[in-house]
Each structure stands twice: as C-alpha cells, then as structure tokens.
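Undergrad: Per Swiss-Prot, the feature compositional bias 'Polar residues' maps to 67-77. Positions annotated as region 'Disordered' by Swiss-Prot: 42-79. Positions annotated as repeat 'PPR 1' by Swiss-Prot: 154-189. The repeat 'PPR 2' annotation in Swiss-Prot covers 190-224. Per Swiss-Prot, the feature repeat 'PPR 3' maps to 227-261. Among the features that Swiss-Prot reports, repeat 'PPR 4' is placed at 468-503. The repeat 'PPR 5' annotation in Swiss-Prot covers 504-538. Sequence annotations record features per position, and here Swiss-Prot assigns repeat 'PPR 6' to 539-573. What Swiss-Prot records for 1-115 is transit peptide, and it gives sequence analysis as the kind of evidence.
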Amino acid sequence: MASHLFTRSRISLLKTLKPNPFTSASPIRAISGTPFLSQDPLLATESTDHDPSNHQSTSTPLPPNPATGSPLYQENWRSPIPNTPSFNQSLVPLGFLNQAPAPRIRALSETLDMNSLLNMFADWTASQRWSDMKQLFEVWVRSLDKNGKPNKPDVNLYNHYLRANLMMGASAGDMLDLVAPMEEFSVEPNTASYNLVLKAMYQARETEAAMKLLERMLLLGKDSLPDDESYDLVIGMHFGVGKNDEAMKVMDTALKSGYMLSTSVFTECVRSCVAKGRTDTLVSIIERCKAVDRNKSLCPSWILCNYIAEVAIQEDNSKLAFYAFEFMFKWITRGEMARPSVIFSVDEGLVVAGLASAARTCSSSLVEGSWTILKQSLRGRKAANPASYIAKINAYASLGNLQKAFTSLHELESAYADSEKEVVEEMLSPFTSLYPLVVACSKKGFETLDEVYFQLESLSQGDTPYKSVAALNCIILGCANTWDLDRAYQTFEAISASFGLTPNIDSYNALLYAFGKVKKTFEATNVFEHLVSIGVKPDSRTYSLLVDAHLINRDPKSALTVVDDMIKAGFEPSRETLKKLRRRCVREMDDENDDQVEALAKKFQIRMGSENRRNMLFNIDYSRGRALNN
C-alpha cells in the first residue's frame, strides 16, 4: 500500500512540473495503458494492423538463416587456420571456451601438468597458435603444480617455447637470451634448442655468431652436438651471403664427420662452384659425398646437371663431366621407375661434346659414361647419329684402344648399312671423319699398321666375318703418312685379293696420296687414269691430291691443267688449292701461270689474301746470318 502511495505521489509531481498544454482542460491520463503490477495482468489484444498474415501476399520472405545446420559456418573461411580451436580431444572443460583469453590461460596453467601441456603445445603447433603458446608457458612456469611446487619444464617443453618465440619474429639475440634462463630450471639446452637459435641467425644472416655457436655446440658435446640440420643452416647461411670459402670449410668438416647434406645445400654448393669455375673443388666435394653412404643419394636437379656437364666439357674436366652424366643417369632411372613414368633424355649434342672432351683428355671412363647415358636416353628405339659414333671412334683412337675403335666403326657401318653410298663414303672418309683413327694406326709406324692389318685379316676369317673397306682405307692412308709406299700399295691390292671387297674412291685417293707424297707423279697420274677407266667417279679430293702431286714435283703448269679438268668435271677448286698454286708459281717465278691462278680466283670469287709473312721467311738470307755469327 505504501508503494502504491509513493507511485501516486510521484505521478502527481510529474503532472505539476510538466502539465500537458494540449489537454489542460481535460483530466490527466497515465502514460502506460497497462494496469499497475499489483493487479492481475491482462493479455494485450492483438492488433490487426500488425498482423504479418496481412503482408505475406505482398512481401517477399527472407532467405533461411545460413548458420542453421552448419556449426562450421561461423569459422573464418578466409583463413586456413580457424581462430576458435576445437577442444573435443583436449582435457579443457567446455565452459572455458566462453572465458576471456587471459583467465582461460591462467586456468589452464593451474590444471595442466607437463605431459598434458606438451600434448596441447603439439596441437597448437599444428594450428600455429604461437602467441597463446608463449603466454601459457610463461604463466605455467610461474604456477604451482598439484603438490604445491613450482612447475619445471623439461627440454622438450622449453623447445616449444623457443619455437613459439622464433615464429613470432624473435631476433637471434632474443633467442640467446631465452636459452640462458634454461639453467634456472635445471634444463640443459640440446641440439634442437641451438638449432632454433641458428634459424634465427639464418634469417638475420649472422654468420659470425653462427660459427661461434657451432663451435660452442662442438665443445659442449653430449646432447648438444650439431646434427645435419645444424650444418645445413650454417652452410646455407654462408652461401647466402657469398662466403663460399667459409661454407666449403664447414661442409668439409661435416663430410669428414659423416654428416648428411641436404639436397638444397648440395645444390647451392654445386651452383656456387660452377658459377665461380671451381670445378676441381666441386669434384672433390662430390667424391667425398660419394664416400659417405648417407650422401650417395644426393643429386642436383636435371637442369643443373646439364649445366654442370656443359661447364665441365668446356674446361675439359673429365671427372666432373662423368659425374654430371652419372647424375643424369640417376634421373633417367628414377623417371622410368616412377608411376606414371617421367621420360628424361639427354641432348645428343652434349654427349658428342663429352666424347670429344674424353678424346682430348684421354678419359676412358668418360667415353663409357657418355655412351651409356646416350643408349639409356635412346632406349633402343633408334640408332645414334653418325656424329656420335664418329666421336666415340675418335675417343678410343686417342686412347690408343684400336680394338674398341674398330669395333665402334663396325657398329657405325651396321647401323647405317642401308644408307646411300655417297653418304656412307663421306661419313667413313679417312681424310676427314676417321682421320684421328688414321693417326692412331700410324702412331708407332709400321708396327701398329701391321698389327691392325693382321687383326682385320683374322676378323675377316672368323665365324662372323668382319670386312670393312673403311678400315683398310685407314691403313692405306696411315702407310702414306709414314712414307711407306710399299705397304700402302700392298694393302690396296689386299682389298680385293685377300678380303674380297671392292676399293672405293677413298681407297684410290689414299693410294694417289701415297704416290704423290714420295714425288712419284707419273704413278699418281696412272692411278687417276685407272680409276677413271674402270668407271669410278673421281671427287674433288681426287683432283686436289693430283694437283698436290704435281706441285710437289714443282710443275705448276701440269697442276693448272688438272685444275682445268677439275672445273670441267663440275668441281670448284678450293682456296687452299689455289693458294698452293700461287705460292709455287711465285717461287718458280712463273708469272704466266700466276696470272691464270689470279683469274681463277676472281672467277670463283675467292679472296686469296697476301703472303707477306711467308715471303719474308722465304727470302731470309740464312747464309749471311751465319757469316755474321762466325
């Protein structure tokens, strides 16, 4: 009743302070249309003006709430990591989810033991909750356990704390400051602890501090010894700032200790050595890696392998080229074993260059390695190009392995037996492509020539006879190089008599060259007339050799006659042939023939050039010089 009176008096006071000017004559009505609370409540009468059923026919309904039926709808779909973690598998009560972050972390620090905290940190590491991890650890170490004693972390738990600080951008100095208090908890830093510090140094490229820390780890020993990751971080750090020598020293230490290098560090080392031209250093590193079983599987990328091979071939480093081809062979093998298979094929031009480098460096291993990877790349689907076979023949010839050289020649002839005759003759010419084999056959004079001839003769009488005109032509030309006309002529006759073969144009050219070299121009002319009479078509080299035979005999006029015949046959004289002719005309003081040579040079638009330097040497008065010296 008192409250009712207080309300009535308050209303009357409001009426006195704020009268209604519009209804001053009328009695004052209460603002509320509802009775006082002490009376029984009445149900409000529903107004037909606000009935939603009246508007359903004229308005479009809203779409359903998208959050219904999908508990994951509230998560931020723009972030791969949800902001609200799931505690379905944790020991945290579900009531903590609605608390503020700080009280929740404080409550967790009071309820979780070390093992539970380790499990939670593992979950938070997966979700990258570094800030919560750092905050919870700092609160947890200041809390008491269930026995009322301060919580003490072990090294694994502390490493989680270090990782959280590292991921939050802590500097190397901050990381060192965080490692120092580990002694207060009776915890010794292990290798993983120092590796986290090294990662911070790696980001800041602090090489000197990293080297000191690495030395400290080596001195501490036991659980603090550096591992593979430690050396990778330090080596990669030095390569990143361009300190390649220091990186090589650390890598040398790691390899001597038997540590395993990562593929990235090995690739960076290879790239650095190749870029600076330190191929010998790279060979040494590769050999040390191959000596350790754990590092045998290291292999640069396919593109880098090609680059290594190119640089090694340019510098004629046969060992490095062999290792590059070995790496490529690994890639080809891995690609074939993969499902689906990945096809790798080496460039055949690179193999040819490798064989040429093997010939220059006399490396048998590079010859075998180059040919092996070429066969692996071709996969038996087609034969190698003639240039590859010829490069292989020349490589074995430079090594002095004539047996394998002639075996490769037999492979070339078998692979291209169905080719056109002109193509085969040009491909197997002893004057051009097979000339290194000719030089190898005549290296020791008649001793080597006779040995090769008897081997070919025995092969022609075997179960699978091998008869080759190209091989015999090499012997004929080799005899001509040693001025052994008798052996050259006997070998030429043996082509048809002993081997049952027909001499080709290269056979006649080699014999003609042998006669011309010993100044038997008449016999050389007879050889030319003989081959023309039996229907063998001479080539441009035949005429050039006949010109040389006349010039050796100091007969420029006859040589010019041969040149005229050469032009009539449809060939053009070479610049070298015309220069030889002019030189002989000058020395013989034959101005008439010299003018004809100049006319031929103008006709075929050949620039002869001057021979002042040759003439100076030719006109030196050596007898006067001796008289002055005496």
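Here the Cβ of each residue, glycine as well, is placed from N, Cα and C on the backbone.
Quick one: how deep are these features, and who are their neighbours?
TA: Remote same-chain residues near the repeat 'PPR 1' (154-189) are listed as 114, 117-118, 121, 125, 128, 130-131, 133-134, 137-138, 141, 196-197, 199-201, 203-204, 206, 209, 223-224 (criterion: CB distance under 8 Å, separation of at least six residues from the stretch ends).
Sequence-remote contacts of a segment are chain residues at least 6 beyond its ends whose Cβ falls under 8 Å from one of its Cβ atoms, and for the repeat 'PPR 2' (190-224) they are 155, 158-159, 162-163, 166, 170-172, 174-176, 179, 182, 230-231, 233-234, 236-238, 240-241, 243, 246, 250.
A mean pLDDT of 89 is what the model gives for the repeat 'PPR 3' (227-261).
Panel annotation: around the repeat 'PPR 4' (468-503), residues 406, 409-410, 413, 428, 430-431, 434-435, 437-439, 441-442, 445-446, 448-450, 452-453, 456-457, 460, 510-511, 513-515, 517-518, 520 of the same chain, lying at least six beyond its termini, place a Cβ under 8 Å from a Cβ of the stretch.
Panel annotation: around the repeat 'PPR 5' (504-538), residues 425, 428-431, 469-470, 472-473, 476-477, 479-480, 483, 485, 488-489, 492, 495, 545-546, 548-550, 552-553, 555, 558, 569 of the same chain, lying at least six beyond its termini, place a Cβ under 8 Å from a Cβ of the stretch.
Taken residue by residue, the repeat 'PPR 6' (539-573) breaks down under DSSP into 26 helix, 0 strand, 9 coil.
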Undergrad: Please count the residues of the repeat 'PPR 4' (468-503) that DSSP assigns to helix (H, G, I), strand (E, B) and coil.
TA: 26 helix, 0 strand, 10 coil
Undergrad: Who are the long-range neighbours of the repeat 'PPR 6' (539-573) in its own chain, taking Cβ under 8 Å and residues 6 or more past its ends?
TA: 431, 505, 508-509, 512-513, 515-517, 519-521, 524-525, 528, 531, 580-581, 584-585, 588, 590, 593, 596-597, 600, 604
